[in-house]
Each structure stands twice: as structure tokens, then as C-alpha cells.
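Per TrEMBL, the features are:
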TRANSMEM  12-28  transmembrane segment
TRANSMEM  64-88  transmembrane segment
TRANSMEM  108-128  transmembrane segment
TRANSMEM  140-159  transmembrane segment
TRANSMEM  171-191  transmembrane segment
TRANSMEM  203-220  transmembrane segment
TRANSMEM  254-277  transmembrane segment
TRANSMEM  297-315  transmembrane segment
Amino acid sequence: MPGILKVPEIRNKILFTIFILLVFRLLAHVPVPGVDLASLRSYLASSSLFSIFNIFSGGGFQNFSIITLGLTPYINASIILQLFTAVIPQLEELSKEGESGRAKINQYTKLLTVPLAIIQSYGMYFLLKSQGVVSNLDPLSLLVLVFSFVGGSLLLVWIGDLVTEQGIGNGVSLLIFAGIVSRLPASVYQFISTLQASDLADLILFVVLSLLVVLGIVYVNEGIRKIPVEYGRTGRSGAYSSSYLPLKVNQAGVIPIIFAVSVVLVPSIVGPPLLALPYGFLNTIGNFLVTYFSPQAVVYNIFYFMLVFAFTYFYTTFQFDPSKIADDLKKRGGFIPGIRPGKETERYLKNVTTRIT
């Protein structure tokens with residue numbers, strides 16, 4: 001590690017990333033006016049759904065800060081654009097144009113983030129107003145509230161891009177990770193403060209099970225399926241050279257879970273505003289969303305499981321392109337033993353990926 005820090009470029013990237021994370025934590029404590037924070041935190045303690053939302057906003061929700069929405073609108077926009085990429089030929093062509101195409105899709109994602117952030121801001125306001133946490137705001141104050149949330153969300157997207165370009169790792173993923181980790185000290189303190197001597201056996205069991213879960217996650221995440229690959233005769237000896245193609249068991253990583261959480265929160269945000277409207281049909285929809293999409297509801301958990309399952313397959317197909325790999329192998333004179341180069345190799349790789357996913 002000391003050797004790495006001696007390299008100016010790497011050191012600057014690390015320092016820049018740390019600076020951005022400090023700014024992110026500071027933003028989580030810049031409140032938006034018009035809210036009773038004591039009532040909000042009391043409501044938060046009784047709502048497991050918004051405890052999850054608070055984690056993903058890095059504690060911004062409990063402070064009703066300008067980053068209360070977090071990166072949820074941007075994540076939702078990314079999901080929608082990726083779905084559209086699979087069905088709209090123009091977007092599919094853009095995705096194949098390399099860096100310039102990805103930059104254009106990223107631009108569309110940011111544009112779509114704005115209306116989604118506006119909708120979610122209004123939904124958040126109506127939900128908290130129905131719980132008596134937020135007072136009835138006049139139109140101008142409501143507009144200030146909404147645009148504060150929208151601006152905060154776009155600010156996070158921007159600083160996430162800065163980390164990606166000038167820091168270390170993927171900026172958006174790093175901000176989500178930082179938000180989750182920032183809640184750990186408070187959670188550990190709360191857990192320890194309620195711990196009693198009689199709970200020692202349960203604590204040991206919990207720690208052991210947690211370690212086993214972490215080991216299992218690491219094992220699966222690092223697992224690969226080795227596909228043997230041979231290349232044509234090379235050199236004076238005329239011998240075949242062989243290698244293997246590593247296919248990760250968990251191609252999608254943690255992204256499907258992040259996608260699923262961001263989507264499953266939407267019904268709970270949209271439901272309360274529909275309940276407040278003077279239309280019977282919309283009231284019925286709002287009541288259904290509020291009733292069946294709470295974390296304790298069976299429908300919520302089934303929906304969440306299905307989303308994780310579906311997004312895992314979808315994101316894997318988005319990340320892993322068997323057609324491109326098969327084409328690259330063919331150009332380099334490589335082949336999988338027993339499998340013809342070209343379309344047959346593509347089908348084989350697709351089937352293997354589907355099975356291990």
C-alpha cells in the first residue's frame with residue numbers, strides 16, 4: 001500500500017475519491033425546510049420500508065436532506081433505458097457503437113432522471129404529509145421542496161461521474177456503498193446498547209452465521225466456469241496452444257438487488273398521492289399499493305424475489321455478449337473443442353451462461 005501511494009496519479013485519485021465521499025456525507029446533513037425532524041425520525045423507526053430507503057440515501061432521508069432521494073431516480077432511469085435498449089433498434093445500435101454510444105445512452109439516462117425525480121419528490125411529499133410529518137405547503141414552498149430533491153439527486157449523479165472519471169472505481173456504485181456503510185456504526189451501537197448477558201449465545205450464533213454467509217457470498221462471487229479454448233497450429237512446432245475462457249458464475253454482481261430495491265420502493269411512494277386524489281378508481285389503486293407493497297406483505301416479498309431473479313438474467317445478458325465473444329474467438333483462430341466456431345459457439349456460450357446464472 002505505501003508503494004502505491006508513492007505514485008502521484010494513484011495517490012491523487014485516492015485523495016479525490018475520499019474528498020468526494022466527505023462531500024457526500026456533508027450533503028446528507030443539509031436539510032430541506034418545512035419538516036418536523038423529530039416526527040420524521042419517529043416515523044422512520046416504525047417503518048421498515050423507509051428504513052431501507054434511508055440506508056440507500058446514506059442517512060439523507062432521516063435528516064430530510066437535499067439528497068433524500070439518493071440515486072434512486074437515476075437507477076430507475078438506467079433500468080428503463082436498458083429495457084428500451086433491448087426492444088428499440090436505435091438504442092441497440094447506439095449500445096454497440098462503443099464509448100460514444102454508451103455516452104449518448106448515459107446522456108438519455110440523465111435526462112430521464114429529471115422527470116422520475118420530480119414524480120418521486122411529489123410522492124415523497126404526499127406520503128409524509130399523510131403521516132403528519134410534513135405540513136401542508138403552499139405551491140411555492142412545495143416547488144422549492146421538489147426542486148431541492150431533484151437538484152440533490154442530480155448532484156449525486158454528477159459527483160458519481162466525477163469519481164468514475166477522476167477517482168477510483170465506479171462512482172455511482174461507490175456512493176451507494178458509502179451510503180450503506182455510513183449507517184453501520186449507528187446500527188452496531190444500537191445493537192450493542194440493547195444487548196444483555198443472556199443474549200451472548202444468540203450473539204455468537206449470529207456472528208458465526210454472518211461469517212458463513214459472507215464466505216458463501218465471496219465463494220459464489222469469485223466462482224468461475226472454465227471453458228476450454230484451443231487455437232490453431234502456431235510456431236515451428238506446429239503444436240496447438242490451449243487456454244480457457246473464464247465465465248463468472250455471478251456475472252451481474254449486486255446490481256440486480258440494487259435495481260430490485262429501487263423498483264420495489266416505487267409503489268409505496270406512488271400509493272399515498274393516489275389515495276389523496278378525489279377519484280374512486282385511483283383511490284382503489286393507491287389503497288392496493290399501500291396495502292400490498294409494505295415489506296411485511298406477501299405480495300411485496302414475492303415481487304421483490306421475482307425482480308431480483310429477472311434482473312439477474314437481464315443484466316447478465318446485458319453484460320455478457322456471447323455473439324461478440326464467439327466472433328472474437330473465430331477471428332483469432334480459437335475454438336471450443338467439439339463446438340463449431342461461429343453461431344454454434346455463440347449458442348453454446350449462451351446456454352452455459354443461462355445454466356450457471
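Every residue gets a Cβ built from N, Cα and C, even glycine.
Because TrEMBL annotations are produced automatically, they should be read as predictions rather than curated entries.
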(Q) At a threshold of under 8 Å on Cβ distances, which of 64-88, 108-128, 203-220, 254-277, 297-315 pairs most often with the transmembrane segment (140-159)? (A) 64-88
Q: Could you name the stretch, out of 12-28, 108-128, 203-220, 297-315, with the greatest number of CB pairs under 8 A to the transmembrane segment (254-277)?
A: 297-315
(Q) Can you work out which residues elsewhere in the same chain, 6+ from the ends of the transmembrane segment (108-128), have a Cβ less than 8 Å from its Cβ atoms? (A) 35, 40, 43, 68-69, 72-74, 76-78, 80-81, 91, 134, 137, 142, 145-146, 149-150, 153-154, 157, 266, 268-273, 276
(Q) Under 8 Å between C-beta atoms and at least six residues away from its ends: which parts of the chain pack against the transmembrane segment (297-315)? (A) 79, 82-83, 86, 251-252, 255-257, 259-261, 263-264, 291, 354, 357
Q) Short question: which residues 6 or more past the ends of the transmembrane segment (12-28) have a Cβ under 8 Å from it? A) 5, 57-60, 63, 65-67, 152, 155-156, 159, 162-163, 166-169, 171, 174-175, 178-179, 182
